[in-house]
Amino acid sequence: MKEKRDLKIQAIENGTVIDHITAGQALNVLRILRISSAFRATVSFVMNAPGARGKKDVVKIEGKELSVEELNRIALISPKATINIIRDFEVVQKNKVVLPSYVEGVVRCMNSNCISNSSEPIKSKFSVLRTEEEGVSLHCLYCEHVISEEIAENLL
């Protein structure tokens with residue numbers, strides 16, 4: 001009989017744990033946070049881990065607490081994520097991300113004719129919509145284009 005073994009990720013002393021990330025989105029979360037091989041602190045992540053509500057991803061980042069802008073970006077691709085702030089190996093704060101009603105300069109409009117994609121100095125602006133069936137979608141306030149499946153690929 002095979003013995004069941006659990007894979008454990010080392011606890012972090014100070015930093016952030018992002019839990020309940022939509023399965024398969026951990027690498028996009030790292031991209032949103034601009035974490036690359038040049039980042040010198042410890043970063044660990046698990047993708048497609050079994051959870052009580054199905055599969056999920058988890059990201060742990062030593063020595064970093066997230067800004068409101070970073071939380072808003074994560075909410076766009078993973079609206080059910082939770083953020084745990086860790087200090088001295090203890091969770092001192094636990095919050096769910098909050099999906100903003102409006103984002104500016106965060107996502108590129110996919111409509112090549114949109115004024116926000118021209119040489120004009122105009123930031124993209126989207127209203128944020130959430131439905132249980134379709135998840136998150138963004139509605140461009142300039143050209144009316146709707147983005148739903150491609151949000152992660154168009155983050156600025």
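The backbone N, Cα and C atoms fix where each Cβ goes, glycine too.
Taken straight from Swiss-Prot:
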type: BINDING; residues: Cys109, Cys114, Cys140, Cys143; note: Zn(2+) binding site
For the recorded Zn(2+) site, whose residues are Cys109, Cys114, Cys140, Cys143, find every other residue on that chain with a C-beta no more than 8 angstroms from the centre of their C-beta atoms, and list them by sequence position.
Met110, Asn111, Asn113, Ile115, Ser116, Asn117, Ser124, Leu141, Tyr142, Glu144, His145
Kindly assign Cys143 (Zn(2+) binding site) to one of the three DSSP-derived states: helix, strand or coil.
coil
Have a look around Cys140 (Zn(2+) binding site) and count the other CB atoms within 10 A of its CB, chains all included.
21
